[in-house]
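Working notes, beginning with the structure itself.
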Amino acid sequence: MEVKPPPGRPQPDSGRRRRRRGEEGHDPKEPEQLRKLFIGGLSFETTDDSLREHFEKWGTLTDCVVMRDPQTKRSRGFGFVTYSCVEEVDAAMCARPHKVDGRVVEPKRAVSREDSVKPGAHLTVKKIFVGGIKEDTEEYNLRDYFEKYGKIETIEVMEDRQSGKKRGFAFVTFDDHDTVDKIVVQKYHTINGHNCEVKKALSKQEMQSAGSQRGRGGGSGNFMGRGGNFGGGGGNFGRGGNFGGRGGYGGGGGGSRGSYGGGDGGYNGFGGDGGNYGGGPGYSSRGGYGGGGPGYGNQGGGYGGGGGGYDGYNEGGNFGGGNYGGGGNYNDFGNYSGQQQSNYGPMKGGSFGGRSSGSPYGGGYGSGGGSGGYGSRRF
């Protein structure tokens, strides 16, 4: 005889979830990268178990790891947790602030390898740039689309000052940086029937900061390592300026150090007459994404600051330079096969960092070292 639950009590859905998520315990339609959080500012006393004990309150964890120095086994001050579905990640982020072992920590959505090479990828911002919108797209179209991600503060559809014609891009500001992080993980969005590209909107000062950090990264020419601009080619973006051009993101008017918008090229000339988003060293500046810079968290330099590193966590150690992965390797499935068993990265072979310093991630995900940027010589 089947025993039915009391009225009003939700029935368990574990069987349905298991079927939906498959044998590995997660939804096969949701990539691991979207289910993963970087946890910064950890106490050096925090262990895998205590980190798991805290974050499993918001869902099922398929992986949880505190990164440690492979020699000393001391915590590096950060870790990763991976949930079984994106809904659980959202729940954990909605529950901020988080305190683990008596210390307030900083969770952020993990940045993929491909996105990590972009200037400002690790900056905390509340504004996005929406490019490639068409003449028939109005403010309400943008609001209808983006309000499902979070609370919108302002929307600016940019127009030409003289003609009043739309310039093919807009800015949307939210009340929470996590909303931006969640949106930019999905690079392309269909708005009012048109494919649009969405990026973090960086001010002129933030662009210059990102450019100066890249300049310290070494390597020859931009993020790819062996020359070649980030953009390349010369296709038009939006209605006018070159998106890639020969100066990378700077476009025709930007030259090899083209700016984010700066005048003639860039995002459709976006920034124009001395606006905040014009000028600066640009997306195609030289060098890797490394060097000093502003802090990502609360224990030192930036993502490549000071002694390098993911916030300079663990007193100057960096995300690769102090042996993030030590001698261990990542395989094509993002499984870490070194001294700490986990599966938190979308890596493709090679040592995660070696023992190099001078740039974050120790010369790149796929490199064994070197002083290049995030993927300097093997991208």
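For all residues, glycine too, the Cβ spot is worked out from N, Cα and C.
Residues or ranges marked as compositional bias 'Pro residues' by Swiss-Prot: 1-10. Positions annotated as SUMO2 cross-link by Swiss-Prot: LYS4, LYS36, LYS118, LYS134, LYS151, LYS182. What Swiss-Prot records for 21-34 is compositional bias 'Basic and acidic residues'. According to Swiss-Prot, the feature domain 'RRM 1' maps to 35-118. Feature annotation from Swiss-Prot assigns phosphoserine to SER43, SER351, SER371 (among others); the stated evidence is similarity to another entry. Feature annotation from Swiss-Prot assigns dimethylated arginine to ARG52. Sequence annotations record features per position, and here Swiss-Prot assigns omega-N-methylarginine to ARG52, ARG216, ARG226, ARG239, ARG257 (among others). Annotated domain 'RRM 2' per Swiss-Prot: 126-205, in sequence order. Look at Swiss-Prot and you will find 214-225, 347-379 tagged as compositional bias 'Gly residues'. The annotation asymmetric dimethylarginine is assigned in Swiss-Prot to ARG246 (among others). Annotation source Swiss-Prot lists phosphotyrosine at TYR361, TYR365 (among others).
Distribution of Swiss-Prot features across the structure.
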residue : record                : Cβ within 10 Å
LYS36   : SUMO2 cross-link      : 24
SER43   : phosphoserine         : 18
ARG52   : dimethylated arginine : 16
LYS118  : SUMO2 cross-link      : 20
LYS134  : SUMO2 cross-link      : 15
LYS151  : SUMO2 cross-link      : 9
LYS182  : SUMO2 cross-link      : 19
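The Cα atom of LYS118 (SUMO2 cross-link) lies nearest to that of LYS182, taking the recorded positions LYS36, SER43, ARG52, LYS134, LYS182 as the candidates. In the domain 'RRM 2' (126-205), the DSSP tally of helix, strand and coil residues is 19 helix, 33 strand, 28 coil. Sorting the domain 'RRM 1' (35-118) by DSSP state (H, G, I as helix; E, B as strand; all else coil) yields 25 helix, 32 strand, 27 coil.
The two recorded residues the residue listed as 'dimethylated arginine' and LYS151 (SUMO2 cross-link) have their Cα atoms spaced 30 Å from each other. With respect to LYS182 (SUMO2 cross-link), the closest of these recorded positions in Cα terms is LYS36, chosen from LYS36, SER43, LYS134. Cα to Cα, SER43 (phosphoserine) and LYS36 (SUMO2 cross-link) are separated by 20 Å.
If you measure from the Cα atom of LYS36 (SUMO2 cross-link) to that of LYS134 (SUMO2 cross-link), you get 34 Å.
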